Each structure stands twice: as structure tokens, then as C-alpha cells.
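Notes follow the structure.
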Amino acid sequence: MSVKFSLKPDGVRDFLPEMAAAKRSLEKTLYDVFTDWGFEEVITPAFEYLETFLMGYSFDMAERIYKFFDRKGRVLALRPDMTTPIARIVANHYKDLQFPLRLCYFSNIFRFEEPRGGRQCEFYQAGAELIGVEGIDYDAEIIALAVEGLKKAGIKEFKVSVGHTGFLKGILNAVDAEEEIKDDIHTLLLNKDFVGLKKLLDSCRFDDSLRELILGLTRNSGNVIEENDRICKNEIIARAIKELKTLKHLLSAYDVEKYISFDPALIRPLDYYTGIIFEIYSPSLGFPLCGGGRYDNLIEKFNGSYPATGFAFYIEGILQVLERQNTIKANTDRDYLICYDEINIEKAIKRAVELRNRGYGVELYKTGDREKGISYAEKKGFRELFMFEGEREEKITLLKKRNTMVNNKFLWCGIH
């Protein structure tokens, strides 16, 4: 007995025509923004050697990588992010590249997730990486680019939460405790479990000044630049605050300061970040639309040393916000539908060739039924219809176009 496989694996989705068109339209918008800012597209393999990704990953992230063997027994992995492959590109091809590099990409990403809450094991990112330059001005450029991308995409309301890895580093350097305790502090801050953090600090019996330093960061969210007397006593944290002050000034020159808030407790889940970090949130979703930051030490793990900063947009998340705003549209309107019966096949083909040569979009539909042809044309969004029936040729202008609002409902797309 034959077995028919008709079900998808957990964690992947189909994009039907309208949603695929909406996704493509969004990617085109973001591509235009990237190129307007001087970024050039790169394409990397869907899989690399596993070691490539292990260089910048924590144990938890490494466990979420899809791994397999090639015929020679080498361990390969589907890409769980794009920053690491781009770092590998720079290491492999730096002699052929002109620095500073402004690179962008559009890629599917693979991470193992338990099938719950709508999490996806395959999702889509668009991102930009600025490589080979230091300076807060470049961090400001990357954040301003992310803001511009969301504005051009049509996102009406969002907030950029900005932090710095120096806050966590300063805390952990000040903690005289076992690595396990430090890991717990890191995890609790990453998950924003401030209640659990307070319980941990109470149980460890840290001195009051250290306790106040750690808890002060969680309480100073949004005011860390202005209200920093207590936490500035830590040298590493004081340096982070100084960089954020410079960043704030530069973002105001980009006229994006109104989107910015500062969060000293912000931690990105990947371990390769070294400076300013950020995430962008919409009030209509509970996960970020975008995340990124500075990663000055990642490329040197492959070859050479190049400072870098960048971000990734989460395509499904942006589409979901647009859908909730009722502003997501699939750009699938067509120019002409040509309907024909059996005796008019050649006439229909010649008319289609003529119109296509003039730059119009044309679809052929074999039917001699006028009403059926009109109904099909309206549903598919054609603006005009040619009807070849018997000896008669009729051109029909369709005044009522279909509503191309996409009705697909997105589940949580597994933003990490």
C-alpha cells in the first residue's frame, strides 16, 4: 500500500500567492532603502560547516542549529542567522573587497523550535551590515537605516529600544561569584525576569552596593543617560553610558530621536555583540520586528580583525503588523486577461504577444463563457478583459477591482 505525504513538518509554512506577493513587495521596498543608503546585496549558502556557527554562539543557541553530515562525514548546518555567514564572507574575500563594506541580504533562517505558540523553525530576514569601521556615528547610521526601513515599509508605530553590552559586562565583572551564578544573572536579564533576579540577589547575599548596581539598571530603563550617578561608579558601565550619550546626539541629527528609548537591561540572545545593541518593537506584537548591534570581534574568529555593526528585520513580523494595521496589500493587480474559445486560440496568443511586447502583464484563460471570464478577471484583479468568442472580439474595462487585502493570519513567527 502506497503512503501519501501531504502534511508539512512542524515549524514551516506555505506562502500562498497573495501573501507571497506581499512578502516580495516588502522585500523590494527594503531593498530600495538599503541601496539608497549605499548597501549592496550578498547571497550566502543555505548551509555551512557547523564550526562556522559555533564560533559566536552560546550552548543554548548551538543546540537550536539544524545539523547534518555530508558524504565525507563532515558536519554541516543550516544557517541559524546571517551575520555569521557574512563575517565568513569578509574573512574569505577581504582582499577583493573595498572597505568600509555596506552589505545587505534577504534570506531564510533555520532554527530548531518546539512546535508551540506558532514558533517557526524556518523564517525570513532582511538585514544590513556595516563592516570595517569603528565609531558611534556608524552605530547611529545603522539604527537610522532600520528606522527608515520600517517607515518606508508602512509601519505606523514602533519604538527602538537601545542598550549596550557594557552594562552586562560591568555587572558580571563586579560579581565575585561562581560562573553558574553569573550565567543565572545573564539569563534572568535576557528574559527580563526582574522578580527572579531580585530573588537570586537576595539568596546570594551580595553587598548592598552591588545589589543596587544590578537592580538600578532594571529600574533606570529609559532614563539611564540622565539618571546615572549610582551606576556610573562602575567604569565599564560609565563608558557605555558615554557612548549612548554620543549616540543620542547623532540620532537627533538623523531626526529619529523620537523613536528611541534607552534600556540598560537590554540583552541580545546571540553572544557576539560587543557594544551598542538595539531591538525595535511594535505595540501590536509581543516580539521584536528588528534586532542588531555592534560585533567587533566576530570576524577575527575567522581571519583578520574588522569592527562591524548591523541588524536584521524579521519579515513575517513586519507583515503581521501591516496586516493588523489593515495596510498590507498584495501587489497582484494585472493588466489584461484574454479569454478565448477553441476557434480563437491563435488570435488570443497573437494579442497576448503584442501586449506583452508593449510591456503589459497578460494572462490567457480558455473559456467562451463571457460571464465566467468577467468573474475570473474581477477575482484576480485584472483591469481589462479581451473576449474572443466566435467571430466577435470584445474589450471590457473592469471598473470594480477586487480588494487585494491579504487575509492570511500570521502566527508568531519565532523571533529570537
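Note: Cβ is positioned from N, Cα and C throughout, glycine not excepted.
Residues D81, M82, T83, Q125, E129, R268, Y272, Y273 are recorded by TrEMBL as L-histidine binders, and the candidate that the same record lists for that site, out of R111, R239, R324, is R111. Listed in sequence order, the residues of the same chain lying 6 or more apart from Q125 (L-histidine binding site) and placing their CB within less than 8 Å of its CB are D81, M82, Y105, F106, S107, N108, I109, A312, F313, Y314, I315.
Summed and averaged per residue, pLDDT over the domain 'Aminoacyl-transfer RNA synthetases class-II family profile' (24-334) gives 87.
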